[in-house]
Amino acid sequence: MADQGNNAIPLPSVVVESSVLTFGCNDDGQLGRGEKKKPTGTSIEGVTSSNQPQQVGALRGLDIVMISCGSRHTVALSTTGDVYTWGWGQMGQLGLEHHKSINLPTKVPFFEHHNIKLTYVSAGGCHSGAITDQGQVYMWGEAHWGQLGLTADFKELHQATPVLCKVIPENSTDKIVSLSCGGTHTVALSAQGHVYTWGRRDNGQLGLGREWFHLEIETDGVSAFTPTRIEPEAFGLEDVVQVSAGAFHTAAVTASGAVYTWGKEDYGMLGVGHTADIHVPRKVDFFDKDPARIVSCGGWHTVVVTRTGAAYVFGRGEYGRLGLGDGRSHSHPHKVESLTAHTIVDASAGGTHTLFLTDKGRAFSCGRTEYVAEHHPCTCMMWIWE
């Protein structure tokens, strides 16, 4: 769904004839339609078929329960716990034991061969991750920035086969329940509400502080390659219930609905005004009055859905990705007024666009298209497919 890998969209737990619909750029076969070009067709209500959601036929009948879109590849999870990938694969991000691009959904054989069932998937810039039914994490794809969470002596920079990533300390009974792969870093959430991060760290996107950034690997054994827990004090000793990794920033929602952001501060995408990069989680005080349910980090912007069903956005406004009626950037949360007639239950921020889902199952989008920038959210009409 998103064009900057960071967000996984879970579908209902009870799936009845689920369908996967894709739209957008298809240069690397990431739409999963068996071709590496933009599809052609007739216009439907003024929208050409190249921009119109179309069903991925290869996934028909597989009961897909979760989808995650990376920068140029896609990962899907079925109700049976199997994983399918497609799109650009030269960094090994498809996990298919080779570095080729694939334009049709293909089952990742590693998990089937090892009888491993998965419950969660996430696609990042050039890497991917998954969580097993035992709460373990497997990672694959580009490893240059440590985003796979493997040891510092791991030499494979383009890992084409899933590898176990040890996130939780061995003496702990905790387990990982969700995962978000960003541009070049990864964030994971445990059942006990703890946040772990690993990967690229230069903009503070790991949330571990400036002091940690300057520590030498040789002296303390800690590096960007090692999953590290953000201390609970950083979130006011509250349990964290949801996390999201963007291209260069990260965000979290706590049990009370507080929103924390950290990482690169550009265009106001942290929602706390124009500042220097933030290396530890910082609370976005705006949501004290309207607690959040969901946060999603895109390439250079952020979207928050509150418990009241409202959508708020901040960050880069180019191409109209904020849905505020213009292309201006905003460093503090702004409500998407054009959606006030709807109850928003989910949202996903991509590289240059944003999607919103209502409680009625209707999808709205705003941001970059092939020909124009849609400044106001427009109905994707995904609801017309059966």
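Start at 1 and count along the chain as shown; that gives each residue its number.
Glycine too: its Cβ is placed from the backbone N, Cα and C atoms.
Per TrEMBL, these features apply:
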type	residues	note
REPEAT	18-80	repeat 'RCC1'
DOMAIN	20-370	domain 'RCC1-like'
REGION	27-50	region 'Disordered'
COMPBIAS	40-50	compositional bias 'Polar residues'
REPEAT	81-134	repeat 'RCC1'
REPEAT	135-192	repeat 'RCC1'
REPEAT	193-256	repeat 'RCC1'
REPEAT	257-308	repeat 'RCC1'
REPEAT	309-360	repeat 'RCC1'
Checklist outcome for this item: Reduced to three DSSP states, the repeat 'RCC1' (309-360) has 6 helix, 23 strand, 23 coil
Item to check | Helix, strand and coil totals (DSSP H, G, I; E, B; other) for the repeat 'RCC1' (193-256) | outcome: 13 helix, 20 strand, 31 coil
